[in-house]
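Presented below is the structure to which this report refers.
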Amino acid sequence: MSEKIYEYKDENNWFIGKMTGHNLISGWGVKHRTIKKIDDLLDGIAATLDWENPKGYDVSVVRYQSPLSLITFIIDMINQETQREIKVIPHAGTILLMENAKLLAVYLPEGGVSTATFFATSEQGFGDTILIATRNEGKTKEFRNLFGQLGYRVENLNDYPELPEVAETGTTFEENARLKAETISHLTGKMVLADDSGLKVDALGDLPGVWSARFSGPDATDAKNNAKLLHELAMVFDQKKRSAQFHTTLVVAAPNKDSLVVEAEWPGYIATQPKGENGFGYDPVFIVGETGRHAAELEADQKNQLSHRGQAVRKLMEVFPAWQAKQS
């Protein structure tokens, strides 16, 4: 049996675990009935056919907000230790455990969910479809990587060429994200995720902000925007005074539901010249925190763990099941 210590930590959850011969969840902030529900859910999944060397999980909870994060953490431990491929899939307010197209178990929120909501599934199978309110394939790729890990199918507006462009007339990130999500949800009848993201540079009074995509004018491109940003900061030589944050506001809208809003930021600095071949937008000129690395030097999985968008999606996943169940 592995002696590896596993750990997951974010703003709202902190778990430490190892594999033992029995199942145990202990710690702070988790109700006893929640622990029992999760233990019942996972009973038998952690076991193997090797009865002489049974595998169980021993998890200490330091900080807790969501069963989705805790279940995902435990399943990741089990997968790594047993070479299984169990997927954790949020679906209609529930959490499904699936492997090789087989449904193994279902976690229900307090109060359950309606059968109409649960079985309102397309022929493609279990898992929710998210329509991303963008035609930007770079942004869609990031969301697809993030949501794909959680079992979601991702579409974008390129799949719906007949839809009109939604003018981003808001003066805040939330206003713009709401405009896109709620307008497109109304037009399509679908669940829609919209984000408004941008770069806030302290020395420029939080510009380019909501105008990040068109900072260099009506014919803006990533290269033109980066060039203008570097020009605006040309006389700012101290890196500490070139501090900046990538910001994301996510809004999920669905017919006859109150919209869900989450926000996140990614701190760093603006470099004096671009570097790196990955990412898009301002990634080549954004130095990640105190690392000295540019965002465009990160591989997709690294960026998703750190970025404003990755943080926002993880926050969204924490509150999404309860929102979905409450609104159904």
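Glycine residues also receive a Cβ, built from the backbone N, Cα and C atoms like all the rest.
For the substrate site, Swiss-Prot records Thr134, Arg135, Asn136, Glu137, Gly138, Lys139, Phe280, Gly281, Tyr282, Asp283, Lys303, His308, Arg309, and the single candidate of Ser185, Ser197, Ser243, Ser259 listed with them is Ser197. Mapped onto DSSP helix, strand and coil, the region 'Unknown' (1-129) counts 31 helix, 41 strand, 57 coil. Here the binding residues for substrate are Thr134, Arg135, Asn136, Glu137, Gly138, Lys139, Ser197, Phe280, Gly281, Tyr282, Asp283, Lys303, His308, Arg309. Their largest Cα to Cα distance works out to 21 Å. Within 10 Å of the Cβ of His308 (substrate binding site) there are 22 other Cβ atoms, across all protein chains.
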